[in-house]
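Asks: In case it's useful when we look at the structure, here is the feature table from TrEMBL:
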- 39-126: domain 'Core Histone H2A/H2B/H3' (DOMAIN)
- 1-24: region 'Disordered' (REGION)
Amino acid sequence: MARVKHKQTFRISSGGQAPRKDFKRTRNLEATRTYRYKPGTVSLREIRKFQQSTDLLIPRLAFQHLVQEIAQLFKSPFRFQSAAIGALQESAECYLASLFEEANLCAIHAKRVTIQNKDIRLARRLTRVYYREQSQQLR
């Protein structure tokens, strides 16, 4: 007897009861939904975390490569001790932290929350004037 392929036809429902929903799936979908914090909450938490920490924030190896790249512009066979790189990184992070604090104050003074380029320029200009006055008083 020869086999005959039957064409599969789909039933089109014209009413009647709807198929049952699988409640187990809907419960699992609701349970795996991720929670989103309000805008700004996570950034404020990160700011508090970084203000309380005392470790360096710039990756050590990336900073070392940057220092060596800048040093090659002046003289190529430069070598650095690890303590020298650590001291440079410490002072660079201290300078950047103070610059961002002053820029934040400039932004707050302008009734803004976001630091812009003009805030950083103003903060650098004000600190330059401050240090110039300090050096003249020492003479």
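Glycine is treated like the rest: Cβ placed from N, Cα and C.
Bear in mind that TrEMBL entries carry predicted annotations, made automatically and left uncurated.
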Asks: Would you list the DSSP helix, strand and coil counts for the residues of the domain 'Core Histone H2A/H2B/H3' (39-126)?
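Replies: Reading the DSSP string over the domain 'Core Histone H2A/H2B/H3' (39-126) gives 63 helix, 0 strand, 25 coil.
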Asks: Mean pLDDT for the domain 'Core Histone H2A/H2B/H3' (39-126), rounded to an integer?
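Replies: Across the residues of the domain 'Core Histone H2A/H2B/H3' (39-126) the model's pLDDT averages 93 on the 0 to 100 scale.
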